[in-house]
Amino acid sequence: MAIADGKVSLKHLVTMETLTNEEVLGMIRRGGDFKNGRADFQLDRQYFAANLFFENSTRTHKSFEVAEKKLGLDVIEFDAGTSSVNKGETLYDTILTMSALGVDICVVRHSEVDYYKQLIDSRTIQTSIVNGGDGSGQHPSQCLLDLMTIYEEFGTFGNLKICIAGDITHSRVAKSNMRILKRLGAQIYFAGPTEWYSSEFDVYGQHVAIDDVIEDLNVLMLLRVQHERHRNDKGFSKEEYHTLYGLTEERYAKLADQAIIMHPAPVNRDVEIADSLVEAPKARIVTQMQNGVFVRMAIIEAILNGKA
């Protein structure tokens, strides 16, 4: 990875740890250029992209597709439900096939944490891998769009007070964000059920009661309760969770005037956040979705720069 002439160049994007601070800032600023119509971009040849999603997705899948088409790439359709995966084909062999067919970029979401390691270590696979989410591992493109949204609002990360609230243990979004936000100088708090928190996160921030910090926050980053990963847990009722840990209208009223609310979506309304607040003045949930297209354009451009 490198930056030349102000442009980020990547072979793969699988975790946030592989990016320098300069590369992170370069890509979120480039996302801003695409958003504001300032980006000068032209393909030097025909490129192919395939989006291989083995877990459900709306925003990540479709925003990558929009980003790819905006940049002029040819997008190869892939449906896991009708692919040879159902005949027992492994993920490795599926990506090996895409590489052999000449696909330049594969965006992959898979339930296996670190699925990408064998792909990027392969001497045969030549396609670039973009991690669209690996189980409860990481989600780098979501992290970058979150960073872009925060940067648009505050112009910096240093000394911002950011609370990541909710199902932290199972959240790839939380794991990507906590690492890079800490490195960029933000002060991180965690809130939510202690059952969904691990002491391994203490190196990044402090677990607190949301009501103890809400008045001081710059950013409240809410996380979806991942019901599909809690099948064997006693859990909470929707009403209990919302009352104890969610953003109620009463908590919203305590936020500072310049504070913003974020959520990676899909939103469980009246669980993580009151239904009435999803599009409230402080909410940036729609902005996050919009920024997702532009920061993913920046990611794809960086991958293509690495192929130049």
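In case you wondered, yes, glycine gets a Cβ from its N, Cα and C as well.
In this structure, ALA265 (carbamoyl phosphate binding site) belongs to neither helix nor strand by DSSP; it is coil. There are 19 other CB atoms within 10 A of the CB of ALA265 (carbamoyl phosphate binding site), with all protein chains counted. Summarising the annotation, Swiss-Prot assigns carbamoyl phosphate binding site to ARG59, THR60, ARG109, HIS139, GLN142, ALA265, PRO266 and lists sequence analysis as the type of evidence.
In three-state terms derived from DSSP, LYS87 (L-aspartate binding site) belongs to a helical segment. What Swiss-Prot lists as L-aspartate binding site is LYS87, ARG172, ARG224, and the listing cites sequence analysis.
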> What number of additional C-beta atoms lies within 10 angstroms of the C-beta atom of LYS87 (L-aspartate binding site)?
Replying inline: 6
> Long-range same-chain neighbours of ARG224 (L-aspartate binding site), Cβ under 8 Å, sequence gap at least 6?
Replying inline: GLY166, ASP167, SER171, HIS263, PRO264, ALA265, PRO266, VAL267, ASN268, GLU272
> Which whole number of Å gives the largest C-alpha distance between any two of ARG59, THR60, ARG109, HIS139, GLN142, ALA265, PRO266, the residues noted as binding carbamoyl phosphate?
Replying inline: 16
>> Let's check the environment of ARG172 (L-aspartate binding site): how many other CB atoms sit within 10 Å of its CB?
In response: 22
> C-alpha of LYS87 (L-aspartate binding site) to C-alpha of THR60 (carbamoyl phosphate binding site): distance in Å?
Replying inline: 26
> If you measure every Cα to Cα distance among LYS87, ARG172, ARG224, the residues said to bind L-aspartate, what is the biggest one in Å?
Replying inline: 33
> Which residues in the same chain, at least 6 apart in sequence, have a Cβ under 8 Å from the Cβ of ARG109 (carbamoyl phosphate binding site)?
Replying inline: LEU52, PHE53, PHE54, GLU55, SER57, THR60, HIS61, ASN131, GLY132, GLY133, ASP134
